[in-house]
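All remarks here apply to the structure that follows.
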Amino acid sequence: MAADIPWEALFQQAAKVRERAHVPYSRFPVGAAILFEDGSVVTGCNVENATYGLTVCAERGAFVSAVAQGHSRPVAVAIVVDTPTPCPPCGMCRQVMAEFAGPDLPIRSRTLQGEEARYALRELLPYAFTRDFL
Ligand code: THU
């Protein structure tokens with residue numbers, strides 16, 4: 001599957017949705033695109049709030065939308081940021097990814113300049129807490 005992932009298309013969609021980010025406080029727009037097993041792609045951008053703690057990251061926003069749209073088997077996640085080096089997903093988003101994907105989930109983050117980092121979920125969230133413990 002890894003070889004079949006249309007990373008360029010995913011990054012393009014992540015870059016596009018990033019432009020919709022609501023970031024009046026951090027001015028740090030992030031875009032995310034998730035590819036699902038059935039070929040669907042769901043995107044998300046970060047949405048901040050005057051009550052700062054209510055901020056929803058791009059990745060989590062995308063997962064929440066995806067569930068509402070009936071997609072729950074992610075096979076790849078692409079993230080776009082405008083930083084000197086690619087930015088990995090935050091801890092909360094890693095945990096949300098672990099709810100829906102196994103440890104092999106490939107996650108790639110790219111800057112607007114084209115620098116890229118590649119991860120597997122297991123590297124970002126070793127010893128994930130999952131439903132297996134419940
Ligand atoms: N943010 C994301 O949307 N995704 C990440 O992977 C890291 C951080 C957002 C949250 C907040 O709106 C802004 O970036 C600065 O932390």
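Even glycines carry a Cβ here, placed using N, Cα and C.
For GLU59 (active site, proton donor), the same-chain residues lying six or more positions away in sequence with a CB closer than 8 A to its CB are VAL30, ALA32, ILE34, GLY44, VAL77, ILE79, PRO89, CYS90, CYS93, VAL96, MET97. TrEMBL lists GLU59 with the feature active site, proton donor.
According to TrEMBL, the feature substrate binding site maps to ASN46, VAL47, GLU48, ASN49, ALA50, THR51, TYR52. Non-local contacts of ASN46 (substrate binding site) by the CB criterion (under 8 A, 6+ apart in sequence, same chain) comprise ALA21, HIS22, VAL23, SER26, PHE28, PRO29, VAL30, THR55, VAL56, CYS57, ALA58, GLY61.
The feature Zn(2+) binding site is assigned by TrEMBL to CYS57, CYS90, CYS93.
The domain 'CMP/dCMP-type deaminase' annotation in TrEMBL covers 5-132.
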>> If you count other CB atoms within 10 A of each CB, which of VAL47, ALA50, CYS57, CYS90, CYS93 wins among these binding-site residues?
In response: CYS93
>> Just to be sure I understand the packing, how many Cβ atoms besides its own are within 10 Å of the Cβ of THR51 (substrate binding site)?
In response: 7
